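Participant: Once you've had a glance at the structure underneath, I'll fire off some questions.
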Amino acid sequence: MAVNGVYKPDMNRVPTGEFFLPSRRTNGFGVQAEDTKICVIMVGLPARGKSLIAQKVVRYLHWLSIKAKIFNVGQYRRTATPNPTAEFFDTSNSEGEKLRMAAAEAAVSDMCRYFANGEGLIAILDATNSTKARRRWVQERCRSEGIETLYVESKCDEESTIMSNILEVKTTSPDYVGQDPEVAAQDFRNRIRNYEKVYQTIDEDESDMTYVKLIDVGQRVIINQIQDYLQSRVVYYLMNLHIRPRSIWLSRHGESKYNLEGKIGGDADISDRGELYAKALPGLVKKSVGDNRKLTVWTSTLKRTIQTARFLEFEKLEWKALDELDSGVCDGLTYAEIEERYPDDFKQRDEDKYNYRYLGGESYRDVVIRLEPIIMELERSENILIVTHQAILRCIYAYFMNVPQERSPWMEVPLHTLIKLTPKAYSTQEERLKADIPAVSTFREKGSSAKHQ
Ligand code: ATP
Ligand code: F6P
């Protein structure tokens, strides 16, 4: 990895051509998708991160415009048994067994309907699916409906990880609402013991199935019989996940000379006030990051981000994929000039900003596709500070904060502000630190072509 070097792998290039164009017959990856029906079946003892993994996969897929939905058997079970004790999960408890099977049955039936109604391409069946018999049953149901299956097992026997998982998420589960956290943790430990009595990990006699086994939070990964592109993307994503505590900092470049003139795109220098922000950034980062944390800084290849990051004393990488959305023939124009020269385009962009592609340039949708390697790398990494551009920052922020496409291109992301995102178990925490250095606002409301203020 180059220190202060330019890192531009080929996958960073802005892809052009039919493969990446969104159309009726393709999903966000450019994959033929009409008949795709994949059920991702989670497998593993309780508190192995199955729900967390399911939620992350769905967030990732939605970000890529691939419709996906989680069917959580625990939620179905809770309608009949909202606050079970550990005994409910003992397989010698026939009443418990009956109710658990009914919950699984209801979830699988809803999932089959979801596919039959063409509501999505991927479903995630989130349950322990911890016995071979249960997995065969799900397998048969899916096969009879023409649904492909991908088993994802999370296997982890590290007692300290399990205990910290229980304390992090299980004591606040709706199963234990109003209960003492210590009692809840003990009951959950006993619940796991009951599952352990019957748990069968995926092994050789299931080698006809497509599966990925994540062992010890991804330290080892076993992959079997991956069938197609979409499955392989999901598996690759899973292989990159980790749960080590870390944060991601996002900042736009300091105010640029183009920002002052209200022009979009280009490769302008930063303004005097942008320079002040560049000088203030190390202090702002220190305040937010603390003294001892290691950090890597990513910038785009454009001057304004490199200039903004230049006083930061950390390892730096430049990514072509972080360059601003390409505004094609409108590069270097103000919004008023665009409205005057390309009135239809200007209107179309307001009507569907996410999908609108500038003549000879890009749409937000295109940007998301080119940012996919960045997201993958971010998932693998620890503390990263990204100094980038308005549209790019919106797309990265949308991934972490689960912002829908109708809203993400319209989000306000002010200049001279450091955003800290900290992934937590089921959500991402956000903090904003504003530098006391004025800058124009480059935010443009729908319908407006007013100059930057
Ligand atoms: P249950 O079967 O009770 O629904 P679960 O397996 O779905 O449990 P989660 O609720 O997702 O478990 O547990 C979340 C916790 O698991 C978090 O604390 C998270 O840090 C941790 N975690 C995430 N991924 C993994 C993994 N691959 N292995 C072990 N723990 C993980
Ligand atoms: O904690 C285990 C759990 O998430 C329960 O909430 C839920 O009832 C169960 O797993 C679903 O999996 P299974 O149907 O395999 O027991």
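Placed from the backbone N, Cα and C atoms, the Cβ positions cover glycine too.
Pulled the feature table from TrEMBL, pasting it below:
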type     : residues                                             : note
DOMAIN   : 32-245                                               : domain '6-phosphofructo-2-kinase'
BINDING  : R252, H253, G254, E255, S256, K257, Y258, N259, R304 : substrate binding site
ACT_SITE : H253                                                 : active site, tele-phosphohistidine intermediate
ACT_SITE : E340                                                 : active site, proton donor/acceptor
Participant: When you average the Cβ positions of R252, H253, G254, E255, S256, K257, Y258, N259, R304 for the substrate site, which other residues in that chain have a Cβ within 8 Å of that mean position?
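Facilitator: Leaving out the recorded residues gives A268, I270, S271, G274, T308, L415.
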Participant: Would you mind listing, in sequence order, the residues at least six apart from G254 (substrate binding site) in the same chain with a Cβ closer than 8 Å to its Cβ?
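Facilitator: Listed in sequence order, they are I270, S271, R273, G274, E275, L276, Y277, A278, L281, R304, Q307, T308, L415, H416, A439.
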Participant: Express the distance between the Cα positions of the residue listed as 'active site, proton donor/acceptor' and S256 (substrate binding site) as a whole number of Å.
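Facilitator: For the residue listed as 'active site, proton donor/acceptor' versus S256 (substrate binding site), the Cα atoms are 24 Å apart.
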Participant: Note down the number of other Cβ atoms within 10 Å of the Cβ of S256 (substrate binding site), including every protein chain shown.
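Facilitator: If we count other Cβ atoms within 10 Å of S256 (substrate binding site), we arrive at 29.
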Participant: Quick one: average pLDDT across the domain '6-phosphofructo-2-kinase' (32-245), no decimals.
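Facilitator: For the domain '6-phosphofructo-2-kinase' (32-245), the model's average pLDDT rounds to 96.
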Participant: Check G254 (substrate binding site) against DSSP and tell me helix, strand or coil, would you?
Facilitator: coil
Participant: Mind computing the max CA-CA distance among R252, H253, G254, E255, S256, K257, Y258, N259, R304, which the record assigns to substrate binding, rounded to whole Å?
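Facilitator: So the binding residues stretch over 14 Å, Cα to Cα.
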